[in-house]
Amino acid sequence: MSQSTKLPLYITLATFVLAFALCAVQFPAMLSTRVVANLLTDNAFLGITAVGMTFVILSGGIDLSVGSVIAFTGVFLAVILRDTSIHPLVAFALVLVITTGFGAAMGGIIHYLEMPPFIVTLAGMFLMRGLAYVLSTESVPITHEFYDWLQSLYWKAPGGGRFRLTGGLMLLTYALAMIVLHRTRFGQNVYAIGGSAQTAQLMGVPRARTTIGIYAVSGGLAGLAGIVYTLYTSAGYSLATVGVELDAIAAVVIGGDAPERWQRICRGHFLWHSDHGADTDVYRLRRHAFELVDEDRDRGPALRLHHAAEGFGLGNDGAHKASDRIRRAIMTLTAGGGFSDRAQSHTTHVVDQLGLAIVAGEYPERAMIPLDPDLEEMFGVSRTVIREAKKTLIAKGMLASKAKVGTRVQPSSEWNMFDPDVLRWHSEQKTPGRFVADLNEIRLIIEPSAAALVAERAGPAEHARLEASCEALAQAGSRTAFAMADLEFHKLILQLSDNRFLQSLGDLVQAALYSQLIAEAEEAREPGDLARSVEKHRAIVDAIRAGVPERARACMEKVVMDAPAGGVRRAG
Amino acid sequence: MMKSTLRRVTPQIVILALVLAANFLVFPGFFHVEFQHGRLFGNLIDVLNRGAPTALLATGMTLVIATRGIDLSVGAVMAIAGAVAASAVTGGAHWTLAVLMALAAGAACGLWNGLLVAIFRIQPIVATLVLMVAGRGIAQLLTEGAILTFNDPGLIRLGAGTIAAVPTPIWLWIAVACVTGLVIRRSALGLLIEAVGINQTSSRLAGINARVLLIAVYLVSGLCAALAGVIVAADIKGADANNAGLWMELDAILAVVIGGNSLLGGRFSITASLLGALIIQGVNALILLSGMPVEFNLVIKALIIIAILVIQSPRVRHSLYLLRASTGPVLRERPSRAAPRTRPEKGQS
């Protein structure tokens with residue numbers, strides 16, 4: 001997994017190094033600190049914008065308004081500093097509040113009105129550009145001592161490079177964004193929504209808050225970029241930075257996808273061929289810095305994928321698929337909350353939603369579910385899809401249909417509890433109720449006997465596999481990794497029992513561990529617990545290797561008895 | 001068939017009527033059309049005429065969006081097509097040949113997009129972004145950085161001339177829309193495109209050649225963009241590589257969305273998209289005629305767009321439905337228990 005997700009990163013990295021090296025070989029001046037410092041200064045605003053765009057794109061959205069927000073910020077600052085005697089710092093605070101609020105408003109519209117980000121931010125782009133026009137259609141110079149002072153701040157590196165305040169600000173923004181995305185719940189929520197908004201919601205991610213937060217971050221950072229831009233140009237102009245949103249998007253996307261890499265290689269060539277050694281050609285430098293910026297931008301996502309994949313851990317499709325999804329989401333600049341993943345078939349979606357609602361008790365036992373036309377309207381799908389979904393649920397024993405009466409919810413005793421979907425719906429409930437208790441009872445009946453069977457039947461090869469699985473358990477670094485390994489271990493036991501009925505029961509274990517994981521996410525276990533749990537698993541393996549069925553049975557009982565604690569404690 | 005189409009586009013017709021009525025309010029002479037110098041004049045004609053590029057782009061864009069794609073390159077393709085046509089006529093070619101060359105260039109651009117999307121399986125927004133960024137560079141290469149002007153009367157007639165007293169662009173976009181609509185809806189093509197948009201995998205499993213269809217829709221989009229580019233160039237008697245069709249892709253997408261088509265692909269209506277294009281043009285006319293300071297144009301446009309989109313948003317529509325349902329006969333036969341809920345997925349938020 002790590003190989004495949006990091007490959008694009010390595011290729012882009014290599015391309016960049018190669019391009020830079022070729023330039024440097026041709027024109028040694030490329031290596032001077034002046035070039036590097038100028039790159040930073042010239043592109044600080046673009047870098048900051050791209051950081052904001054990263055949040056949006058990771059969440060599967062798009063923000064077309066950033067270029068206009070930068071222009072608006074510039075004009076606003078210029079006009080307010082010209083017409084009033086407000087101190088620039090106050091003006092900065094004011095404009096940041098405005099742009100952040102503007103971003104939050106767009107996020108709110110996107111979430112609450114279920115409108116595609118592409119269109120909402122497009123309207124936002126018109127609005128901000130228009131407001132900039134309203135303030136002034138001409139370029140307004142900014143002359144203020146404070147500005148002069150800010151612009152005079154730089155650190156002169158050996159070799160003549162001047163590292164200015166704005167460049168530092170960009171690096172700082174970048175570092176902060178890394179921390180937020182890496183280390184905070186908000187950052188994880190951004191990834192979760194990008195992976196699949198629906199899954200995220202089911203796992204308890206506050207979708208409204210996160211969506212609004214994401215666009216607020218993008219708007220606020222665009223405002224900051226606007227401030228930086230005025231420091232760079234000393235003016236505010238409503239026609240400035242047209243199309244920067246596309247630059248920013250390109251900066252985020254490049255490196256994620258094959259043709260973009262290819263384009264980048266072309267760009268490298270272009271640099272190489274057209275470089276005449278002078279380091280004043282703004283265009284070329286911008287192109288170049290672009291690549292620098294990109295590089296920074298790329299590194300984050302690819303590394304963090306790993307993380308996010310772990311975070312998704314025991315989702316119904318495991319880490320592999322989750323990481324693929326996130327990867328795809330990053331590469332796709334999804335609009336409408338979903339060119340990407342909501343491709344999941346309509347029927348599956350309806351089945352899932354209805355199933356979840358029934359399990360959650362929103363439709364109690366023996367209640368009628370809405371009539372077909374209403375379901376059609378609720379889900380926005382055709383009659384065929386509704387019929388198909390109902391058929392599926394009937395097959396799972398959750399619904400019963402009677403001619404001329406309608407479709408009723410079956411009592412829960414009729415539900416096919418062994419069905420993977422039904423299990424999953426139960427395990428996704430926030431308040432599991434007796435489900436966890438029931439689940440652990442059946443595990444207590446099955447798993448110890450399975451362990452005993454393994455102890456009787458396993459040979460040296462099987463012993464080795466168990467050892468390896470136990471070792472993986474011990475090596476697991478995080479809660480999610482541990483749960484994954486735990487699942488593998490229990491599945492292995494069922495598999496090695498060499499009984500085809502037992503072998504097909506892996507889903508039970510998965511559901512149990514999944515709901516346990518959700519329960520424990522909120523009340524973290526102490527690290528010692530994990531170590532003790534590993535010891536208990538090791539005892540099973542030892543018993544199996546010794547070929548003592550009764551001891552294996554007892555040890556497995558202990559492990560399974562261990563499990564309900566999480567669920568029961570929560571329910572009580 | 002006719003009836004269902006009418007029902008589908010009712011919201012767009014209502015909005016268009018509102019916009020036109022607003023136009024009439026701020027400028028009572030809005031609907032006045034007169035015949036002068038062998039040509040019809042009037043604000044209404046202007047809306048139809050100026051809306052031609054957007055309408056053409058929207059026709060192609062509707063098909064692309066119906067396949068769950070998006071074509072960001074249309075603005076750049078317009079510039080390329082204009083440059084090709086202009087450099088051909090200034091090079092001495094006959095204007096029909098120049099137009100054909102421009103269309104061929106548009107087709108080539110569309111083919112490139114289609115190949116990237118269908119064969120190399122690149123996300124449409126990324127694939128077409130490539131040409132959007134590179135396209136203006138290509139156009140500049142053709143015009144050698146200058147605005148290439150021409151005087152060929154044949155070519156100019158496409159943008160500024162009339163046929164039977166009606167400006168040529170109007171004929172062109174209506175003709176293109178009719179031909180596309182007829183081909184798409186009188187054959188199974190439309191259905192196949194919708195199938196691809198709804199679920200590409202299952203449509204392929206059902207025996208639809210999704211690749212060819214995808215390439216075809218991007219090709220059509222390229223052709224439409226090329227024709228729009230020729231019209232724009234003919235209108236100003238010159239090819240401006242930098243500004244021709246600038247940001248037109250956004251207007252085109254907006255037209256499709258105002259037309260009520262989902263950006264997630266699937267069912268589409270070209271008629272509705274065309275109405276969307278006219279609505280945009282009507283809004284532009286409204287802003288001009290209202291005599292507001294030009295600085296406010298974008299702000300007003302943004303606010304009107306937001307209003308239109310809010311009216312069309314699924315959430316608002318659903319609430320309206322519930323409102324209607326709670327007073328209408330729909331609910332009466334239903335046991336109280338299964339009262340209508342909002343979508344279950346919202347239940348937990």
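Glycine is treated like the rest: Cβ placed from N, Cα and C.
Remember, TrEMBL labels are computer predictions, not curated facts.
Here TrEMBL flags B:12-31 (among others) as transmembrane segment.
According to TrEMBL, the transmembrane segment annotation covers B:51-67 (among others). Listed by sequence, the residues of this chain that lie at least six past the ends of the transmembrane segment (B:51-67) yet keep a Cβ under 8 A from its Cβ atoms are 74, 78, 124, 169-170, 172-173, 176-177, 180, 184, 193-194, 196-197, 200, 213-214, 217-218, 220-225, 227-228, 231-232, 245, 248-249, 251-253, 255-256, 259, 261-263, 265-270, 273-274, 276-278, 280-281.
Look at TrEMBL and you will find B:74-93 (among others) tagged as transmembrane segment.
The transmembrane segment feature in TrEMBL is assigned to B:99-120 (among others).
Sequence-remote contacts of a segment are chain residues at least 6 beyond its ends whose Cβ falls under 8 Å from one of its Cβ atoms, and for the transmembrane segment (B:127-150) they are 70-73, 75-77, 79-80, 82-84, 86-87, 89-90, 109, 112-113, 116-117, 120, 156, 237-242, 244, 249. Per TrEMBL, the feature transmembrane segment maps to B:127-150 (among others).
Sequence-distant contacts of the transmembrane segment (B:170-192), counting only residues of its own chain at least 6 positions beyond either end whose CB sits under 8 Å from a CB of the stretch, comprise 45, 48-49, 51-52, 55-56, 59, 63, 158, 163, 203, 208, 213, 220, 224, 227, 231, 268, 270-271, 274. If you look up TrEMBL, you'll see B:170-192 (among others) marked as transmembrane segment.
If you look at the transmembrane segment (B:212-234), the same-chain residues 6 or more away from its ends with a CB under 8 A from one of its CBs are 52-53, 56-57, 59-61, 63-64, 66-67, 69, 71, 73-75, 77-83, 85-86, 99, 102-103, 105-111, 113-115, 117-119, 155-160, 168-169, 172, 176, 180, 189, 192-193, 196, 240, 244-245, 248. Feature annotation from TrEMBL assigns transmembrane segment to B:212-234 (among others).
Residues or ranges marked as transmembrane segment in TrEMBL: B:246-264 (among others).
What TrEMBL records for B:271-292 (among others) is transmembrane segment. Long-range Cβ contacts of the transmembrane segment (B:271-292) within its own chain (Cβ-Cβ under 8 Å, at least 6 residues beyond either end) map to 5, 8-9, 12-13, 15-16, 19-20, 22-23, 26-27, 30, 43, 46-48, 50-51, 54-55, 57-59, 61-62, 173, 177, 181, 251-252, 254-261, 300-301, 304-305, 308.
The annotation transmembrane segment is assigned in TrEMBL to B:298-316 (among others).
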Most Cβ pairs under 8 Å with the transmembrane segment (B:74-93), selected from B:12-31, B:99-120, B:246-264, B:298-316: B:99-120
Remote residues contacting the transmembrane segment (B:246-264) - C-beta distance under 8 A, at least 6 residues beyond either end: 8-9, 11-12, 15, 53-55, 57-58, 60-62, 65-66, 68, 70-75, 78, 132, 197, 228, 271-277, 279-280, 305, 308-309, 312
